[in-house]
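What TrEMBL says about this one:
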type	residues	note
TRANSMEM	7-26	transmembrane segment
TRANSMEM	63-80	transmembrane segment
TRANSMEM	92-119	transmembrane segment
TRANSMEM	131-150	transmembrane segment
TRANSMEM	171-190	transmembrane segment
TRANSMEM	235-254	transmembrane segment
TRANSMEM	275-297	transmembrane segment
TRANSMEM	317-337	transmembrane segment
TRANSMEM	382-406	transmembrane segment
TRANSMEM	412-429	transmembrane segment
TRANSMEM	450-472	transmembrane segment
TRANSMEM	492-511	transmembrane segment
Amino acid sequence: MTSSTELAFLFIYAVSFYIFFIYRSLQISQDHYTKVYGLRPGWIFHRLNDVSDAQWRNFRGNLSILTLVFGIFTLVATSCRKYGLKAKGMSVIWLMLSLSYLSYLHGACILYILFIASANFLLVKICGRTRFVFLLWIFNITLLICNRVYEGYPFSLFGRSWAYLDNYRGTFRWHICFNFVILRMISFGYDYHWAYYLNRFYKEKHIQRCNNCSLGRTCYQLLQERSLENDKFSFTIYLSYLIYAPLYIAGPIISFNAFASQLDTPQKTHSLKEVVWYGLRWIFSLMLMESMTHFFYYNAFAISGTWKHLSPLDIFIIGYGVLNFMWLKFFLLWRYFRFWSLINGIEAPENMPRCINNCYNLESFWRNWHASFNKWLVRYMYIPLGGTQMKLLNVWVIFTFVAVWHDLEWKLLSWAWLTCLVFIPEMIVKSTTNTLKVESSVGKFLYHELSAVAGAITITCLMVANLVGFVIGSSGINWLLYKFLQKEGLPTLGGMFITFYVGTKLMFHISDTKQKRIHSR
């Protein structure tokens, strides 16, 4: 079979699958909508709208207020930049604007944020350039756990005279957002620590190799890796970095070096036309999400538990739909805040550079799902822990930290360790195959086919791990296995595997096409 014939067959199969998937999703939603909860009257064709996901419901409900704050923040910040304000001046402006924003979000709880931030700054200045810099990790992980255990510390814990402040805790729980602040506090500490030592980043070589930097632009990696002058590590710039309004609630995560480097000169990687187009694409994606939640009630089925009584085929459809809903939800959240930051001249990494349906191994999935967090983990955990030399051990430490960072729940730890169990064989197989050189046509064919089979297995395991971590919990594993390993479920399991196999081969063709375009330039 020629490559073009195979591609045609794969394309026809993929189109057929999605036509059936959409048809069956509509049918399930129509037949069972009275048995699920979280549906509200919608605005598209008088259909009910699935707002069962609390995170999406809160974002969608507060979008008009956020956009108003977005507009005011941008207007003030842009006006100040026109008057020639540089790093220190802009950090003060952003600090004042962000403090006003946080006062609305957290009310009196802003006192906790300022106190903890000050304590961390003092610790960095004392230990940041000594061998005791590891104390920064102990301090922040302890905070991460205590913030959750004590649910943001009610003021009544400190005596009756403080209890009245519990009536002014704002509209948003401060300790949820603070998980991102903890990442920024660690970033500040280690960027300060590394600035003291020899910088091994070769700027000239990077500029020659980087497509953006060679054109006179400054890419994110260059912003992050180059060392800063001591005056950039001031308390004002540090605090404005921690609570920078556009990225405060949900990220994307940006390193301190990258943030402080853009205070003097706004980002030049993206032109105004590109930023505007980025915003228009976001509006289109929002309409796509509205269509999904009005016609397909994936999340409502999962939240209400109704899908547990459906057939294995329908369970697969709901499970696959939930993962796509989650991807689009985070895509919209992160791109909204990144767009806000870009408008104000601060570039942050793109969190969702690739669609969830275009990832066939764990490595590519984690590079493209919450990508800014991945960059942070590589810089501040993976490399300091030994990098590739210790990667089989590092993966357990890193994914356990990721689970605890999200929340103190057993289902998240189950998700983390399940992911590691899949990740380790993939890393071993990948390192082994990299040493092999396949030259014969038969060998290349077998390698291609086995890679597609491995991709199908990985996608299946990844789907199960994410459903366990974010939907059904560790207690749902037995139910899931029972549903798909019984006689009725085996045909669905086989069809699912074939579909993921076809999808993986289609991804290979997409990757090959991209590589050809790069080499043809």
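For all residues, glycine too, the Cβ spot is worked out from N, Cα and C.
Nobody curates TrEMBL annotations by hand; they come from automatic prediction.
Counted as Cβ pairs under 8 Å, contacts with the transmembrane segment (235-254) are highest for 63-80 among 7-26, 63-80, 131-150, 450-472. At the 8 Å Cβ cutoff, the transmembrane segment (131-150) and the transmembrane segment (63-80) share fewer than 3 close pairs (sequence separation 6 or more) and do not count as touching. Between the transmembrane segment (412-429) and the transmembrane segment (275-297), the number of CB pairs under 8 angstroms, six or more residues apart, is fewer than three, so the stretches are not in contact. Most Cβ pairs within less than 8 Å of the transmembrane segment (492-511), among stretches 7-26, 275-297, 450-472, belong to 450-472.
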